[in-house]
Amino acid sequence: MSGLQSVDWQISLNEQAHHTDKFSSQELVVRRGQLFYMSLTVYRCLGCNRSATFTASTGPYPSESAKTKAVFPLSNRISGTGWGAQLLNNKNNVLSISILSPADAPIGRYTLSIEISYEGNDSTTEVGTFILLFNPWLQADSVFMSNHDEREEYVQEDAGVIFVGRTSYISKIGWNYGQFEEGILNICLSLLDNSLNFRRDPATDVARRDDPQYIGRVLSAMINANDDYGVISGNWSGNYAGGQDPRNWNGSVEILKQWQSSGFRPVRYGQCWVFAGTLNTALRCLGIPSRVITNFNSAHDTDKNLSVDVYYDPRGWPMDKGSDSVWNFHVWNEGWFARTDLSPSYSGWQVLDATPQERSQGVFQCGPASVVALREGNVDWDYDMPFIFAEVNADRITWIYDAWTGALKKNFSNTHTIGKNISTKAVGSNSRMDVTEKYKYPEGSSQERQVFEKALGKLQPSMSLHATSARVFSREEREPSISGKFKITDILTVGKEVNMALVLRNLTGDSKTVTVNMTAWTIVYNGTLVHKVWKESVTLSLGPNEEIQHPVKIAYALYEKYLKADNMIRATAVCEISDETEVVVERDIILENPTLTLEVLDQARVQKPVTVQILFSNPLDELVKDCKLIAEGSGLLQGTLEIDMPNLSPREQSQVDFEILPTRSGTKQLLVNLSCNKFSAIKGMLPIKVVE
């Protein structure tokens, strides 16, 4: 009898060397282009006319020509950069072996088998399976990242923060990426096996998995459920019946597990940061360095003219006309890898966006788009450059549309409100890092305008230079004789009256009479109007150069039933002066939720239960009921913890204690979401230092 008796994959030794020791997988997980070690016990000694050959293969149709199968001998040294196996020691029928994979091998699950030949008799035995990932530690890998702290953040960090809100009111929410949690690596591999590309042509798809550019694009399609067996179903309607309010999620782990356990049915519901948080988990899991980016005042330009049109009617009502929109914020990802299809200076950070906004090659997918190329206005390059360029650079044009007469009047165009405070989490801390200058030259600079004109020329070649410059001059519309803005005059809190003032200023030496039509709507963060909650019309007189403040008060009773988890209200005023252009004043405001106070009551230690205490006060003069607390945190809790809380009387304080069991040392992040009938999503976040 000859052949294989037993296998030792030396998992802990290999995974430490390959930076994969955080994965809770029973299988060996290694990175490409780097040696790994194993020992095989055979029934008879090797040598004495006996030789061994390995076969490593991946996918359902492995082939050597597609590089999804490799056959390589066990020899005394490994030569070249392809697959190889070296015999390090041969003692008492135990073979100590090192195996090398190429730095450009397709990633995924491999089957390894060994053929032992003896005097013309061959016996082949399957050794087992292992998982091969991208290797950001290796210079020869196209995802190589040289900076140690950045690798730790963008590959190894399994929790983070995502910036949300609006330009003048940026806040952050915690997100549990959880790429090392049990089962997540398998789920991320099954994302690839459920893709349209794999279903159409599995052999080609698996062969292309050597390329992070390809994997990134496939994942951007798979995280949304729009064309394939993808993960998350998007919903921006404000009505989330039949699913989870997108604001209630604390991380990707529950979403990915729900998708898998349901037989790959879409998980309901997500909005942009949910898609981006989940894509970040998949990218980091497979070894592509990645981060989450938030763009404030993000344009959704559907017709590639680099402008977004916003409409009002003369009553001051925002109109749902046209398909363009401006989102208070939009969240996408950047993956770090070489662009082999472009020159080397365009490698590095690449935009990937899994939120289903526009089709690309017939599918809801977006990117990769080189951030350096976006800054230079190269909108004719791959992939989806015009759409992403517009998100951060479009001009915003306000129109007044009178449905009775059909009259459409251009009111104002603004070249510098789109693409503000582009943000990501800083390396090694939860503070905000501004990356706006990576996406565009300084607003108002000559380079920024040149890049804009270059991009416009590429997108609309029919626009001659003259027409392009005419577009610049047409921006100098007739100056209005008054200016206006909404000013906040009191703290904005859910449950309280909203107090603002409409500030109008006469910019001329003549008296003016102004007719003002004002409305307020509850909205979703992307501008979807939910419900009109207030309106008022007034006529105001302004003396020469006078500034006046007209108070605006919106009672809690008016907005209470219609406020969404975004806590956003849009106030608008259309100010008319006879025979002049109307002045449109608009402001989105965000109401503060009451806070959750989180505290860990003792030093957290690995494998020692510790109590967390949460305090919450009902700020309202009415009963709060249906309170549910969801806690999550990689390395602190297995899965999520759900706690039903008792009803809270007016102004009552509630205390909840629960135990966590830390499984890994280091600073871990505990995330909590409280939802009830009056508050849809109150967030809490607590960094917990866990010692051995």
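Yeah, the Cβs are placed from backbone N, Cα and C, and that goes for glycine too.
Listed in TrEMBL:
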type: ACT_SITE; residues: Cys272; note: active site
type: ACT_SITE; residues: His330; note: active site
type: ACT_SITE; residues: Asp353; note: active site
type: BINDING; residues: Asn393, Asp395, Glu443, Glu448; note: Ca(2+) binding site
type: DOMAIN; residues: 264-356; note: domain 'Transglutaminase-like'
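Taking each of the recorded positions Asp353, Asp395, Glu443, Glu448 in turn and counting other Cβ atoms within 10 Å of its Cβ gives the largest count for Asp353.
Those same-chain residues not listed among Asn393, Asp395, Glu443, Glu448 yet with C-beta within 8 angstroms of the centroid of the Ca(2+) site C-beta atoms are Thr415, His416, Ile418, Gly419, Lys440, Gly444, Arg449, Phe452. Across the structure, Asn393 (Ca(2+) binding site) and Asp353 (active site) are spaced 17 Å apart at their Cα atoms. Looking at Glu448 (Ca(2+) binding site) and Asp353 (active site), their Cα atoms lie 24 Å from each other. Around the Cβ of His330 (active site), 26 further Cβ atoms fall within 10 Å across all displayed protein chains. The separation of Glu443 (Ca(2+) binding site) from Cys272 (active site), Cα to Cα, is 25 Å.
Between the C-alpha atoms of Asp395 (Ca(2+) binding site) and His330 (active site), the distance comes to 17 Å.
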